[in-house]
Amino acid sequence: MVWAPPSDRFPEGAIVSGGMDTLVLLWNLHTGEVVGTMKGHTSQVTGLAIDDNGDIISSSMDCTLRRWRDGNAVEILVAHEAAVQTVLKLPSGELFTGSSDSTIKLWKGRICLHTFSGHADTVCCLAQMPGMGILSASHDGTIKLWALTGQPLLEMIGHTSLVYSVDAHSSGLIASGSRDRSVKIWKDGICVQSIEHPGRIWDAKFLDNGDVVTACCDGIVRIWTTGNNRPCRDEELAAYRKTVGGLKLMDPSGAAGMTQQGHKSHFSDTVHVYCVDSMMLQLFVVNFAGQLIMELKIKIGLKMHYCTLK
């Protein structure tokens with residue numbers, strides 16, 4: 001989702017969204033109604049940007065970028081060899097894309113000016129680093145800082161699983177969110193704080209005042225601040241501490257791990273049996289004795305299979 005500021009194209013501003021239904025939707029900010037539907041992508045819409053002239057730019061798992069004007073696709077670009085996971089438009093005019101092919105590309109119109117190589121896995125988020133270049137978050141567990149020419153400037157290592165999001169503040173701080181249930185705050189390439197959450201972090205963004213907003217898979221949006229004069233209510237803090245303190249780490253390897261009782265997430269007579277290695281991107285299917293039945297390599301952007309037992 002992206003905010004389109006007031007302009008000749010959007011006199012009152014607008015909200016643009018893209019989703020798994022392959023559609024790009026334009027919403028009236030005041031009524032909450034859909035006022036425009038853009039069709040053309042053949043797979044999930046993964047990113048959105050607004051050009052200076054009001055054009056909407058969308059990225060998709062169908063490997064394309066599309067430029068929309070007045071509801072119509074005026075340009076279609078096959079941008080990468082794999083799913084395009086994110087698109088970033090800088091105020092200075094540069095357009096960047098990140099992909100499951102592990103590269104970042106800088107575009108001018110239909111021409112790729114630079115290809116940034118260095119990540120070992122999917123590039124899923126891009127952000128501007130004021131005065132320095134761009135940041136990238138990757139499923140390889142790292143965050144990288146790049147000059148606009150494609151030169152790598154800095155690598156931040158500290159997450160223990162896929163990194164889903166990255167953002168920067170004018171103060172020089174960087175925030176990253178990961179599948180490892182943490183938001184990390186970075187300064188000059190060093191992790192200065194790690195904030196635990198009850199689940200994976202889909203997104204983390206700075207507000208202008210330096211507060212950090214996090215979106216967690218538990219369905220809760222949280223705002224974190226360094227200001228002691230704006231604490232949350234005691235019951236909210238207690239609820240957060242309870243959910244984080246309730247996490248239990250265990251070693252599920254071997255047959256012993258298969259005998260431990262888990263938690264129900266589906267209430268039916270069908271049992272879904274699968275295990276995913278989040279770093280190696282492998283799918284392991286096992287039987288009730290803990291024996292490996294099948295091992296599959298997972299490619300980001302492709303359907304993941306699992307078995308069902310009745």
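For all residues, glycine too, the Cβ spot is worked out from N, Cα and C.
The repeat 'WD' annotation in TrEMBL covers 38-68 (among others). Averaged over the repeat 'WD' (38-68), the predicted model has a pLDDT of 96.
Per DSSP, the secondary structure of the repeat 'WD' (77-108) breaks down as 0 helix, 18 strand, 14 coil. The repeat 'WD' feature in TrEMBL is assigned to 77-108 (among others).
Positions annotated as repeat 'WD' by TrEMBL: 116-156 (among others). Listed by sequence, the residues of this chain that lie at least six past the ends of the repeat 'WD' (116-156) yet keep a Cβ under 8 A from its Cβ atoms are 83, 85-88, 90-91, 94, 96-100, 102-106, 162-168, 170, 174, 176, 178, 186, 189, 191, 279, 281, 300-301.
TrEMBL lists 156-187 (among others) with the feature repeat 'WD'.
Long-range neighbours of the repeat 'WD' (38-68) within the same chain, counting only residues 6 or more positions beyond its ends whose Cβ lies under 8 Å from a Cβ of the stretch, are 1-2, 4-5, 7-10, 16-20, 22-26, 74-89, 93, 95, 97, 99, 107, 301. Helix, strand and coil residue tallies for the repeat 'WD' (116-156), in that order: 0 helix, 24 strand, 17 coil [DSSP].
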